[in-house]
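Remarks on the structure that follows.
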Amino acid sequence: MLEFEMENNNFASIKVIGVGGAGTNAVNRMIDSGLQGVDFIAVNTDKQALSLSKAPTKVQIGDKLTKGLGAGANPEVGKHAAEESREEISNIVKGADLVFVTCGMGGGTGTGAAPVIAELARDMGILTIGVVSKPFLFEGRQRMKNAESGIERLKANVDTLVVVPNDRLLSVVTKGTSVTEAFRIADDTLRQGIQGISDLIAVPNLINLDFADVRTVMEARGLAHMGIGVGKGENRMVDAARQAISSPMLETSIDGARAVLINITGGPDTSIIDINEAAQMITQAADPEANIIFGAGIDETLEDEVHITVIATGFETNPFASSAPKAEPEKEKTVEPVASEPVSTPRRERMVELDDAEETPVSPIFERRAARTPRPSREEMERRAQPAPRRPRVYQDGANDDNRTRRGFTPDTPSFLKRNNNK
C-alpha cells in the first residue's frame, strides 16, 4: 500500500500584504475570520498603527523619511517610503507563488506604496493580484483623485485588479448601519475575493482546481470580477450563481468575460442537475468563446447550503503585461545616417559605388550629391584673400577735360595738386 505525505511546501505559497491603515484593517479581519492557507503581512509607515496589526509579519517602511509618523495622506510620501524599503519588501515577498496586495486607495501609504510593492513582486515572476477599495464620494474630490491616480499606477504593476467602491455600501446597508459595521462589510468583500482564490488552491475537491488554473485565468488579464455567492434552500444554486456573477459591491459583472473560473461547493445532497443549472447560468453571461475552468467539491458541514466562487477576467482589449520575470532589453543597433553630421564639419563624402548601385539601393533622403571641386591649397587661398591692385581710371577722348589724362591726372588726384599744376 502506497502512503503519501502531504507537506506544506508542496502547496502554492500565497501571501496577503495589507498596505496602509485600510489594508492593515482588512488583514486583521481576515485573520479574525479564520482564513487559512495564506501568510499575512502588514506594511505601514505609521509605527503606532502597525503595532496594532494582528499579522505575524510586520514591516515598517520609510523610517528615515517619515520617522514612523505616517504619510500624511500624501501618496508621494508613501511611494518614496516604499522605495526606501525596497530590500525589506523584496525579502518578504520572496518565495511566494501568489501575492495579494490589498489597500484602501485615496490615502498616503496605501495609494503610494502598493504599486511599488506590486512591482517588486511581479518583477520576481510572482502572480500578483491587487484588491483595493475606492473612497466614499463624501471623502472629497482630492481623495478620490488620489485614489484614481493610484489605481492607474497599480494597474501597471499587477496581473489582475479588483476594485471595490465604498459607495456601493450605501445600496446594501440599512439606515441604522454604523460606520464600523459598514467598513466591516467592505473589508469582508476583500476577504471573500482573497479567500475564494486561496480555497481553490488549498482545498482538494471532487473536480480539483490548482494554482496553474488560477494563473491561466488571472495572469495579465486586467480588471477582474471576483464574486462569491451563497444560497440556501430549494433555489440555493440559482441564488448563489446570481450573487456570484453580479456582486452589488463590485463595479464589474461577468458580462463579456473571456476567461472564467467557476468553483461550486455544496453539501452531501448536491445534485448534478443543480450544478449544471448554476454552471449554465454563469457561462451564458460570459463571452461565447470564453475559456471556462470548472471545479466542484463536497463539504459535509454545508448541509443545504451552497457556495459558488466566480473569477472572471479578460474584459479589456488591452490587458496588463505578463508577470514573467523581465528580461534585459536587447540593445538596438544604431546607424548613423549621412545627414546627421553637421554640414559645416569637413568630412569625406559617403557615396555608393556605381557598380554596386543596383545591389545596394539608397533611400531618396540620402541622394548622391555632385562631386565637389578640389579644395585649393593654402598659398592659393592666401593669394585670393589679398586685395587686387587698383588700376588708374583713364578718361577717353571726348570727355569734359581730355587734357587731364595727358597731365597725369586721374579722378583720384587731390584738387590742390590740380590747381597748382594749372598755374
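A Cβ is built for glycine as well, from the same backbone N, Cα and C atoms used for every other residue.
Predicted automatically and left uncurated, TrEMBL annotations should be read as such.
What TrEMBL records for this protein:
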type	residues	note
BINDING	Gly21, Ala22, Gly23, Thr24, Asn25, Gly108, Thr109, Gly110, Glu139, Arg143, Asp187	GTP binding site
COMPBIAS	366-385	compositional bias 'Basic and acidic residues'
DOMAIN	13-205	domain 'Tubulin/FtsZ GTPase'
DOMAIN	207-324	domain 'Tubulin/FtsZ 2-layer sandwich'
REGION	318-423	region 'Disordered'
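For the domain 'Tubulin/FtsZ 2-layer sandwich' (207-324), residue counts in helix, strand and coil come to 32 helix, 36 strand, 50 coil, using DSSP.
The full span of the recorded GTP binding residues, Gly21, Ala22, Gly23, Thr24, Asn25, Gly108, Thr109, Gly110, Glu139, Arg143, Asp187, taken as their largest Cα to Cα distance, is 20 Å. In the predicted model, the domain 'Tubulin/FtsZ 2-layer sandwich' (207-324) has a mean pLDDT of 85. Least packed by the Cβ count within 10 Å, out of the binding-site residues Gly21, Gly23, is Gly21. When the neighbouring Cβ atoms lying within 10 Å are counted for each of the binding-site residues (Asn25, Thr109), the highest count belongs to Thr109. Neighbour list (Asp187 (GTP binding site), Cβ cut-off 8 Å, at least 6 residues apart, same chain): Asn25, Ala26, Arg29, Met30.
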